[in-house]
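Going by Swiss-Prot, these are the annotated features:
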type	residues	note
DOMAIN	25-111	domain 'GS beta-grasp'
SITE	ARG71	site 'Important for inhibition by glutamine'
DOMAIN	118-454	domain 'GS catalytic'
BINDING	GLU141, HIS254, GLU343	Mg(2+) 1 binding site
BINDING	GLU143, GLU198, GLU205	Mg(2+) 2 binding site
BINDING	GLU193, HIS256, ILE257, SER258, ARG326, ARG331	ATP binding site
BINDING	ASN249, GLY250, ARG308, GLU314, ARG326, ARG345	L-glutamate binding site
Amino acid sequence: MTNGDSSSSALTDNERAVLDDIEAQGIDFLRLQFTDILGTVKNVSIPAHQAEKAFTEGIYFDGSSIEGFVRIQESDMRLDPDPETFAVLPWRSNGDGGSARLICDVVDREGNAFAGGPRQVLKNVLARADDMGYSVSIGPEPEFFLFEKDDDGNATTTAHDQGGYFDLAPKDLASDIRREIIFTLEAMGFEIEASHHEVARGQHEINFKYDDALTTADNIATFRAVVRAVAEQHDVHATFMPKPIGEINGSGMHSHISLFDEDGENVFADNDDEFNLSETAYQFMGGVLEHAPAFTAVTNPTVNSYKRLVPGYEAPVYIAWSGVNRSALIRVPDAAGVSARFEIRSPDPSCNPYLALAAVIAAGLDGIDTDADPGDAVREDIYEFDEDKRDAYGIDTLPGHLGDAVTALESDPVMQDALGEHVCEKFAEAKRHEYAEYKASVSEWETDRYLEKF
């Protein structure tokens, strides 16, 4: 695969290892992947023999054609593959050859990191954490639905099964699909911890092990692609839409967060505390609670996201924290020592994982900087509080719709700084357009309720 010329001498050890893997595993094509500002995975496919050129020169593309990137007069951009993200795509491999993927960073024509690249936004926030002496560990729990297709192959909202929480077959018809998803993920380097049927009919969860924040964001994007690909092979449709069916639980992406110092010690841990959390953990938590209204536009980025964030369906609405109370935005699991952490429960799996993690981490780091106070734990079901009781506890609510969430994002200097001017401007523009389209639409609920009444 290498040819001994000056370009090959510029390869890193990791890049050389990828070239060796490509040859050893009979890879014919490489998918070079990145995400647009909304989190949609984009890719360009190249013959495997172009891999060395991709590493040494990059692959050019038209940035003006990508949502949230650049204007046409600034359109020349380049993909730089990250060799540590190399993975064979099991569903694209056979005896005649196979395909693999590399996740890429985006640079401009001068070779500078593109400030509007979501992966770069997360890298910038993690660099700030590193300057403060921390690495960030994230463990996500993405949920998804499996739906039947109609005779024309289009997705429906007919659940693939009628199972419930932790059900077994025959109610859980998707156990074999989850099993194949797990095998595929493991073949791509994931460490799977558990899988099960979720509360709602047709709803599922597969948990993979926590990792550093950048790897976790890459893994979330990969996870969504794998779930969809395996579902297609079984002629069902997988969706990460937060609330595809009313009156049942929606899909979230609860995320467990902890910080580690340069010696690998969990700085969130304090075994003398009631919740096994340190002062640093409470400061970080305080920052997350303070900036939650602003980052909600990023962690819950669709009109549909706010159909999930309503009382009564195990999704958070109120900005508070608790030990075991799932009505709060933040829950502290019963864990100590190296496992000390807290869980933020609002994100949903439709988010751009790079921007969502960047926003939450930036909020927490600001809390450490400002010695933010999260207040006392709420030990009661907040869903049962009336407005006066919530006011007495000082409990605010998350934005009720996408429009309010975008306004909060645009009003928060910490989020503006973390995401960068380019991303904030382009993201807000796209989301305001989406919300305006939604407000102008007429739903089936409205026609069912009013068409014959008036």
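Glycine too: its Cβ is placed from the backbone N, Cα and C atoms.
Predicted, not measured: the structure shown is a model, and the values here were computed from it.
This view paints the features noted in Swiss-Prot onto the structure.
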{"residue": "GLU141", "record": "Mg(2+) 1 binding site", "CB count, 10 Å": "20"}
{"residue": "GLU143", "record": "Mg(2+) 2 binding site", "CB count, 10 Å": "21"}
{"residue": "GLU198", "record": "Mg(2+) 2 binding site", "CB count, 10 Å": "22"}
{"residue": "ASN249", "record": "L-glutamate binding site", "CB count, 10 Å": "19"}
{"residue": "HIS254", "record": "Mg(2+) 1 binding site", "CB count, 10 Å": "22"}
{"residue": "HIS256", "record": "ATP binding site", "CB count, 10 Å": "19"}
{"residue": "ILE257", "record": "ATP binding site", "CB count, 10 Å": "25"}
{"residue": "SER258", "record": "ATP binding site", "CB count, 10 Å": "24"}
{"residue": "ARG308", "record": "L-glutamate binding site", "CB count, 10 Å": "24"}
{"residue": "GLU314", "record": "L-glutamate binding site", "CB count, 10 Å": "16"}
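Nothing from the binding-site residues HIS256, SER258, GLU343 places its Cα within 10 Å of the Cα belonging to ASN249 (L-glutamate binding site). A coil conformation is recorded for GLY250 (L-glutamate binding site) in the three-state DSSP classification, outside any helix or strand. The shortest Cα-Cα distance between GLU198 (Mg(2+) 2 binding site) and any of the binding-site residues GLU141, ARG308, ARG326, ARG345 is the one to GLU141. The closest partner of SER258 (ATP binding site) among the binding-site residues, by CA position, is GLU141; the full candidate set was GLU141, ARG308, GLU314.
For the binding-site residues GLU143, GLU193, GLU205, a Cα-Cα cutoff of 10 angstroms around GLY250 (L-glutamate binding site) retains GLU143. The average pLDDT computed for the domain 'GS beta-grasp' (25-111) is 84. Each residue contributes its Cα atom, and for HIS256 (ATP binding site) and GLU143 (Mg(2+) 2 binding site) these two points are 14 Å apart. For the pair ARG326 (ATP binding site) and ARG308 (L-glutamate binding site), the C-alpha distance works out to 14 angstrom. With a 10 A radius on its CB, GLY250 (L-glutamate binding site) counts 26 other CB atoms from all the protein chains. Cα separation, ARG331 (ATP binding site) to HIS254 (Mg(2+) 1 binding site), rounded: 10 Å.
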